[in-house]
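Student: As annotated in TrEMBL:
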BINDING   166-173, 191-195, 212-215, 292-295, 321-323  GTP binding site
BINDING   173, 193  Mg(2+) binding site
COMPBIAS  493-514  compositional bias 'Acidic residues'
DOMAIN    2-159  domain 'Obg'
DOMAIN    160-340  domain 'OBG-type G'
DOMAIN    358-438  domain 'OCT'
REGION    466-529  region 'Disordered'
Ligand SMILES: Nc1nc2c(ncn2[C@@H]2O[C@H](COP(=O)(O)OP(=O)(O)OP(=O)(O)O)[C@@H](O)[C@H]2O)c(=O)[nH]1
Ligand SMILES: [Mg+2]
């Protein structure tokens, strides 16, 4: 028997980024040919895509682990690592993605709708990309970043305009079978329908879909019968249709009390989709009552009896028989009307779109605060500092120095000093704790000094304006090669751009002292790396 699965928990793991490579170019008679380590490749993403050919989440039930491949490492001779392969998972139309806390992360409606469930880690830069005028031959490279991973819950909420609800054996499946081409199982025992059936109905110009859900009984919200699980399939419906059986008599039950019992169950159900997902409160969705089995004489009598009661509640009532087909035409046109009205108020989502995950918090900032768990400790939080720590191989002093420079440039050191951090205090960034060793001269001096007074700048290898002028003069007179520094200045300027993610203002300030040379604006080559 094929199974219908409409709720699964999956574990997604994107690929890690490949590490950058630290390598030095070697050639005969040219022992130090400069850094030539390539960048690591990006890890593969795990992506969900709505595929109209997929109708259940069954595959995920069998294979709940989804892992994309990692990027490969960079290598010498400027060879970059290959990117990992994205893993694309097909999901049915109407799949809702929730985090383990039950919050909706994405609502995937419309074939082709795409959601990146886990992003692959960035590859680390190789030492070639890390070289700059100030750091001609870096003896280190950056590590690739780990890919995202975590648990996600997938829930299928059918994309139907009309939802049929009712007690078992009321005739819901029979109704969808006569309104549409759907051929569900129909039988005279309760809970014949175990999974929602979808049917397409056309009435006049309007084409709409109907979902027939398994029967509900009082107490369903507490798990009786098949429970309320199937109500997730009516969350998107424009109209809810109560299908009631007017021909069967059971003591203590009548169509009006049946409807009321189900309304109580509906009120106890908390939909995952809310107004912000384009799904207004279930209580406000219009209702239509269908009195079924009108071909049975007793049913007509019952209908007479309850009609005033129903009218009083303001519900539109239709008397039909799925056996004799009476009343079906009026019903389908009335449903079409309601669907049209709902669509006019709530434009359907674009059929194909990419759902982007809500952007993280502002990634440019950081915070420093005393660490509540470590005595004299400080906690640094922020997208960039944390990423930089992940990219650092702590067994390489040069790499650690580079990290310190990046943190100092962002202003982390300054902030630590301001908050009273002393050399040797434990500082934690992204789960890694180290003793604070200010890299700025005299530790705190930079805090008081004017910006740009960092003495490290004095030892910069940057060519001065005068040197440059002399070089130009010399070149014009045909003796350019003899002037020291010239070559370096011009070839170095393009490499300088690769200084990814460092704070640019410093570069500008440096440049302000002289003139800004072409290509020296310090812009990120790959911003956000
Ligand atoms: N006489 C008569 N019998 C009907 C009519 N509609 C449905 N039935 C019968 O009612 C029984 C139940 O019909 P289903 O369509 O399976 O009912 P359901 O609401 O889908 O039931 P569950 O799937 O168990 O919730 C079947 O034996 C049908 O033949 C009708 O208009 N007239
Ligand atoms: Mg049924």
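The backbone N, Cα and C atoms fix where each Cβ goes, glycine too.
All TrEMBL annotations are machine predictions without curation.
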Student: Rank aside, I only need the closest one: which of the binding-site residues 166, 169, 172, 214, 321 has its C-alpha nearest to that of residue 193 (Mg(2+) binding site)?
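Tutor: For residue 193 (Mg(2+) binding site), the closest Cα among 166, 169, 172, 214, 321 is found at 214.
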Student: Relative to the Cβ position of residue 172 (GTP binding site), how many further Cβ atoms are located within 10 Å?
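Tutor: Result for residue 172 (GTP binding site): 33 other Cβ atoms within 10 Å.
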Student: By DSSP assignment, list the helix, strand and coil residue numbers for the domain 'OCT' (358-438), in that order.
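Tutor: Reading the DSSP string over the domain 'OCT' (358-438) gives 29 helix, 16 strand, 36 coil.
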Student: Would you kindly give the Cα-Cα distance separating residue 173 (Mg(2+) binding site) and residue 214 (GTP binding site), rounded to the nearest Å?
Tutor: 9
Student: Using a Cβ-Cβ cut-off under 8 angstroms and a sequence gap of six or more, which residues of the chain neighbour residue 166 (GTP binding site)?
Tutor: 172, 215, 216, 242, 243, 244, 245, 258, 262
Student: For residue 195 (GTP binding site) and residue 173 (Mg(2+) binding site), what Cα-Cα distance in Å is obtained after rounding to a whole number?
Tutor: 11
Student: Within 10 angstroms of the C-beta of residue 193 (Mg(2+) binding site), what count of other C-beta atoms is obtained when all protein chains are considered?
Tutor: 23
Student: Using all protein chains in view, find how many other C-beta atoms are within 10 Å of the C-beta of residue 293 (GTP binding site).
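Tutor: For residue 293 (GTP binding site), the count of other Cβ atoms within 10 Å is 25.
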Student: Let me make sure I understand the structure: which of the binding-site residues listed (169, 321) has the fewest other Cβ atoms within 10 A of its Cβ?
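Tutor: Each of the binding-site residues 169, 321 was scored; lowest Cβ tally within 10 Å is 169.
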Student: At a 10 Å cut-off from the C-beta of residue 192 (GTP binding site), count the other C-beta atoms across all protein chains.
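Tutor: Excluding its own Cβ, residue 192 (GTP binding site) sees 17 Cβ atoms within 10 Å.
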Student: To which of the binding-site residues 173, 195, 214 does the lowest count of other Cβ atoms within 10 Å belong?
Tutor: 195
Student: Can you go through the binding-site residues 169, 173, 192, 195 and pick out those with a C-beta less than 6 angstroms from ligand 1?
Tutor: 169, 173, 192
Student: Out of 166, 169, 173, 293, 321, which binding-site residues have CB atoms lying under 6 Å from ligand 2?
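Tutor: Going through 166, 169, 173, 293, 321 in sequence order, those close to ligand 2 turn out to be 173.
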Student: Helix, strand or coil by DSSP: which one applies to residue 293 (GTP binding site)?
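Tutor: Going by the DSSP assignment, residue 293 (GTP binding site) belongs to neither helix nor strand, so it counts as coil.
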Student: Find the average pLDDT over the domain 'OCT' (358-438) in the predicted model and report it.
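Tutor: That stretch averages a pLDDT of 84.
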